[in-house]
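Annotated in Swiss-Prot:
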type: BINDING; residues: I87, E88, S89, H224, E225; note: substrate binding site
type: BINDING; residues: S89, K90, R253, G254; note: NADPH binding site
type: ACT_SITE; residues: C185; note: active site, thioimide intermediate
type: ACT_SITE; residues: D192; note: active site, proton donor
type: COMPBIAS; residues: 261-278; note: compositional bias 'Polar residues'
Amino acid sequence: MSTLRVLHEKSELGKTTVYPKEYAPHLLLPIPRDLNRKTLNVNVSEPPPFYGYDLWNAYELSWLNEKGKPFAARGEFIIPATSSHLIESKSFKLYLNSFNNERFADAAAVSQTMKRDLSKRVNESVTVNFILHETEIPVAYSPKGSLLDVLDIAIDTYSPDPNLLSTSQETVTETLYSHLLKSNCPVTGQPDWGSIEIHYTGPKIDHAQLLKYIISYRNHEEFHEACVERFFMDILRHCRPQELTVQARYTRRGGLDINPYRSTNPTFSVQNHRSFRQ
C-alpha cells in the first residue's frame with residue numbers, strides 16, 4: 001500500500017477538522033517508514049544506511065493542573081530514524097490539542113503520557129522534553145559553512161534530479177547550506193519551506209550543481225522526513241562521500257515544525273538550534 005493511499009484513507013489532512021474535547025491517543029496516525037524507503041531502493045529488511053532522528057518542536061501545547069489552571073509549554077519530541085514508523089503531522093497536532101482540557105498532577109505526568117503514546121506508535125523510545133520558561137529557549141543560529149544561495153545560477157528543473165549532482169577529484173571536508181528548500185505536502189499540496197545543511201568529507205561537490213539539486217525539489221510532493229532521506233541517499237550514491245550528514249529545519253505549520261537529521265555517524269548528538277526562519 002502506498003503512502004498516499006494510507007493517508008487518503010486514514011489521515012485528517014485535507015479534511016474538515018473536529019478538534020477533540022478530551023484526551024485522544026487514538027488520533028495518532030503512524031506511517032511505516034518502509035513505504036518511502038522502498039522508493040529509494042533501500043533494503044528495508046536491514047537497518048537503514050544512516051543514523052539520526054526527527055526532531056519536532058510543538059509551540060501550541062497546554063494542559064490543566066489538578067485545580068483546573070492551564071499550563072503552557074513548548075514541546076520537543078525526538079523520534080529515532082531507526083523507528084519503524086513516523087507520525088503524520090496533522091494527527092500529531094490533533095493529539096496534542098486533546099490535552100487542552102485534561103488535568104495532570106504536573107508537567108512530568110504530561111510528558112510521560114506523551115512519551116508512552118508516541119513510543120507505542122513508532123515502536124521505539126521517543127524522547128519528550130518540555131521548555132517551560134523563556135530562559136530555556138535556544139537562540140537562533142546560522143550554520144558554520146558556505147551559503148549556496150549567493151550563487152548566480154539558471155535552472156528550469158523542479159522535480160528531484162540526482163543527475164544534477166557532480167564532484168571533482170579534490171577531497172574536502174565542508175559544510176554547505178541553503179534557505180531555498182521547498183517541497184510540498186503529498187496530500188494537500190501545501191508548500192513546506194525549510195533550510196538545509198549538508199556536512200561531508202569526500203570528493204568536492206560542485207556548489208552550483210548542489211544548489212540546483214536543492215531547488216529541484218520545489219514542486220516535489222513528499223513528507224519532510226522522506227525528502228531528507230532522499231537528499232541523503234542521492235548524495236551518498238552520486239557523490240560517494242566518506243562521511244555525510246544532512247539536516248533540514250522546516251518552518252512551522254499548525255504549531256509544529258519538523259527537523260529531520262540523517263548521518264553516517266552513529267555517535268551524533270541531538271542539537272535543537274532554531275534557524276532564523278523558525
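Glycine residues also receive a Cβ, built from the backbone N, Cα and C atoms like all the rest.
R253 (NADPH binding site) has its Cα within 10 Å of the Cα of these recorded positions: S89, D192, taken from I87, S89, C185, D192, H224, E225. Cβ neighbour count for E88 (substrate binding site) (all protein chains, 10 Å cutoff from its Cβ): 23. Close to D192 (active site, proton donor) in the fold, though at least 6 residues off in sequence, lie K182, S183, N184, C185, H224, C227, Y250, T251, R253, each with a CB less than 8 Å from its CB. In this structure, the recorded positions under consideration are I87, C185, and the one with the smallest number of other Cβ atoms within 10 Å of its Cβ is C185. Across the residues annotated as binding NADPH (S89, K90, R253, G254), the two Cα atoms farthest apart lie 9 Å from each other. Other C-beta atoms found within 10 angstroms of the C-beta of E225 (substrate binding site) number 23, with every protein chain shown included.
Neighbour density at the Cβ, taken as the number of other Cβ atoms within 10 Å, is lowest among the binding-site residues K90, H224, R253 for R253. Here the compositional bias 'Polar residues' (261-278) is broken down by DSSP into helix, strand and coil counts: 0 helix, 3 strand, 15 coil. It is 13 Å from the Cα atom of E88 (substrate binding site) to that of G254 (NADPH binding site). Annotated pair K90 (NADPH binding site) and E225 (substrate binding site), C-alpha to C-alpha distance, rounded: 15 Å.
In the three-state DSSP scheme, I87 (substrate binding site) is classed as strand. Its own atom aside, the Cβ of S89 (substrate binding site) has 22 Cβ atoms within 10 angstroms in the protein chains shown. The substrate site, placed at the center of the C-beta atoms of I87, E88, S89, H224, E225, has further neighbours from the same chain whose C-beta lies within 8 angstroms: I31, D54, L86, F92, F223, I258. The Cβ of G254 (NADPH binding site) lies under 8 Å from the Cβ of E60, S89, K90, K93, each on the same chain and at least six residues away in sequence.
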